[in-house]
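Undergrad: So that we are looking at the same thing, I have put the structure below in structure tokens.
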Amino acid sequence: MQKTYLLALLVSSLASVRSLADQTRLDLGGSFDSTDSADGGSDNVMIQKSEMNEVIASSELLSLHRSLVEIKSISDNEQAVGEFLIDYLDSKNFTVEMQYVDFDDDTGKTIRSPRRFNIFAYPGNNASPGIILTSHIDTVPPFIPYSLSHPASTSLKRDDILISGRGTVDDKASVACQVIAAMDHLEKHPDIPIGLLFVVSEEVGGKGMSTFSNSRLNSGTYHTIIFGEPTEGALVAGHKGMVSFTLRVHGKPAHSGYPWLGRSAVSEIIPILAEVDRLGDIPVSQGGLPSSEKYGRTTLNIGFMSGGVASNVVAEEAVAKVAVRLAAGDPEDAKDIIFRAIRNVATKNRNDATVVLSNGHERPKGDIEIIFGLEAYGVIDLDSDVDGFNVTTVNYGTDVPHWKIYGDNVKRYLYGPGTIFVAHGKNEALTVGEMEAGLEGYKKLVAKAVERERP
């Protein structure tokens, strides 16, 4: 009797739980079948784990983002994602122009190939819009598949669904948000054209944006350019400049048992790199790199180093690659400071050391070569005059300096969902809430640009 009663009680309890779950089921429109569930409205409703895919599929923004992320588009291999985006924009009645972008091989030779291209889209025949939204469609390696997850609970807020995968943040979140923001704008203001520019190769030198900038498509008729990068939803008032260089030291090989018969390139490069590493901490008056109140100090990163062939051979060559994030000053002045610092250390350790500038492709003319990268620019100041945003500065580089601006009255904004802190990592991800807030941010920036179109 007692067992029968307990069994009946258990069945009744399970039925109640199932009924409650049914009452709080999220429909495809993002709202509840029952009013018992509320906790902040349709943007913040509670859902079940099995409904995450439905949330994505029911949203034009989120489903476009998923399609973009699911397509592998590591730099120099953006063809597939570009073709998808062209088809998508064409289906939304945009006029789409495809611009092929050459690439340089390891020797510096320019290779023409159809495997990557920029995309420039605009409504109808309005090929010279006053407002342009732009982001990049390439990603860093390796490819990480698209996935959805959630906090460790049986249910969660819709906004908290975590979207993971390579490019979810950098930069396909901005691409998706910009497309939907442009469509929303054209629905409200069909008489004010808006352009979409999606470029390749941002992660490897900016060849895509440079190609656009030097082409007929860069008509100079725009008054507002909105660049997309992960800024955590803040407007960026500027970012640091950039100088990069390769340091190559040539030694003389010998048997390690008789090191005095050779000259170790590794032994010579170590003290040089130690000095280079501290240039951002040394005052300019003492030979260091400049700092500023807005951007802080200049930082250097020795990101790559190799040398020698075996432990029992005196190293004949050593190589290091360094990235410099400039907080102030002219990049050419920074190059001079770096050159002098390297020469001073090299000649202090060995009187007959010869330090030379090189393009990296010719026969070396000195013991120590400094090969500065082609990309070099000073700090980039940007506009941040739109109310309702936090304002910040960032340390990373963008395509902004690669776009040649015509005229003095062009507003340049940098904005996007997600954080740069996960952008190139294994944990690259952002939430549904961040994506949808990003879309609203772009809409706000476009609305401000419309005011400039219609004073």
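Note: Cβ is positioned from N, Cα and C throughout, glycine not excepted.
Note that the structure is predicted; figures quoted are calculated from it, not measured.
Got these off Swiss-Prot a minute ago, pasting:
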SIGNAL    1-21  signal peptide
CARBOHYD  Asn93  N-linked glycosylation site
BINDING   Asp170  Zn(2+) 2 binding site
BINDING   Asp170, Glu203  Zn(2+) 1 binding site
ACT_SITE  Glu202  active site, proton acceptor
CARBOHYD  Asn390  N-linked glycosylation site
Undergrad: Here are the recorded positions: Asp170, Glu202, Glu203. Which has the lowest count of other Cβ atoms within 10 Å?
TA: Glu203
Undergrad: State the Cα to Cα distance, in Å, between Asn390 (N-linked glycosylation site) and Glu202 (active site, proton acceptor), rounded to an integer.
TA: 25
Undergrad: Sorted by position, what residues of the same chain at least six away from Asn93 (N-linked glycosylation site) have a C-beta under 8 A from it?
TA: Pro123
Undergrad: What kind of secondary structure is Glu202 (active site, proton acceptor) part of, going by DSSP in three states?
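TA: It is helical.
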Undergrad: If you draw a 10 Å sphere around the Cβ of Asn390 (N-linked glycosylation site), how many other Cβ atoms fall inside it, taking every protein chain shown into account?
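TA: Around the Cβ of Asn390 (N-linked glycosylation site), 10 other Cβ atoms lie within 10 Å.
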Undergrad: Do you know offhand how many angstrom separate Glu202 (active site, proton acceptor) and Asp170 (Zn(2+) 2 binding site) by C-alpha?
TA: 11
Undergrad: DSSP secondary structure for Asp170 (Zn(2+) 2 binding site), reduced to helix/strand/coil, please.
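TA: Note: Asp170 (Zn(2+) 2 binding site) is coil by DSSP, not helix or strand.
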